[in-house]
Amino acid sequence: DFPNFSICNFFRQNDTSYIGSVVGRVANRIGGAQFTLNGVHYKLIPNEGKNMLHGGPVGFSDVVWKVNKYKKDGYAPSIVFAYDSYDGEEGFPGALRVTVTYTLYPGNRLTVRMKAKALNKATPVNLAQHTYWNLGNHNSGDILSEQVQIFASHYTPVDNQLIPTGKFATVKGTPYDFLKPHTVGSRINKLENGYDINYVIDGVDGKLKKAAVVKDKKSGRVMELFTNQAGVQFYTANFLKDVRGKGGYVYESHGALCLETQAFPDSVNHPNFPSVIVYPGKEYKHVMVFKFSISS
């Protein structure tokens, strides 16, 4: 069983919270469930009002992946999942071949590598890992006392439908400032529901860099997150409600937190955001490293 302080599974039918899922073809939100690429207007299938969330009604979290490889023992046990997304799936153009590799390394490190190849048409790709974390233990209650540090000086503001406005804002002087460690609950009451926002990670896009650190003072557990992506979505499980999990424990609002490394949401409709378009012959590569330790 993977660490008992995560609320984690790869695929579960009837899950509306994306618990432990790989989400795509485009994670997060696409405003109006539409975009234009190379002069062609694409209408997608909305599943959150008029918008698309996490790839649509039947996104990558709701399909069956194949196991390509499985290494149980040795230096770095690993498993490789694969999925072939067809041209027109949920309205997206082009066929896409996707693999996700989970590897456990010595030193309590979990590495997740996501790759995707556009087979015949240019298409947007933004995959994310939607694991819910509670370092106190999955059945220890809420995460409001957990300490979080996010290495991001800016975030992408959103409208009342959680669609980015296209602007960048400084975290300074706002409840979104986690440049120095703060407990989740220290300023959460200044927000309507809780945290659900994309951060612009400091550092060079495409290079592996530290995105966040989470600490649970009671257990001493620490999780460090590294990624090569430009953004990370910080979500405090605001809408988790009456979800039955491990051992019959029921998860509620703020029962966990998510740190979803990603490209910026709704990038297809904001030319000033880094492009998420993958062209045939090019490969999408997304790396995240979770490093676990105990603080002294």
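Any Cβ shown, glycine's included, is placed from N, Cα and C.
Per TrEMBL, active site, proton donor is recorded for HIS130. According to TrEMBL, the active site, proton acceptor annotation covers GLU260. The annotation beta-D-galactose binding site is assigned in TrEMBL to ASN28, ARG29, HIS130, THR131, TYR132, ASP196.
Known features from TrEMBL, placed on the structure.
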residue: ASN28; record: beta-D-galactose binding site; Cβ within 10 Å: 26
residue: ARG29; record: beta-D-galactose binding site; Cβ within 10 Å: 21
residue: HIS130; record: active site, proton donor; Cβ within 10 Å: 20
residue: THR131; record: beta-D-galactose binding site; Cβ within 10 Å: 25
residue: TYR132; record: beta-D-galactose binding site; Cβ within 10 Å: 26
residue: ASP196; record: beta-D-galactose binding site; Cβ within 10 Å: 18
residue: GLU260; record: active site, proton acceptor; Cβ within 10 Å: 23
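In sequence order, the recorded positions near GLU260 (active site, proton acceptor) (Cα within 10 Å of its Cα) are HIS130, THR131, drawn from ARG29, HIS130, THR131.
Put simply, of the binding-site residues ASN28, ARG29, ASP196, the one whose Cα is nearest the Cα of HIS130 (active site, proton donor) is ASN28. The full span of the recorded beta-D-galactose binding residues, ASN28, ARG29, HIS130, THR131, TYR132, ASP196, taken as their largest Cα to Cα distance, is 19 Å.
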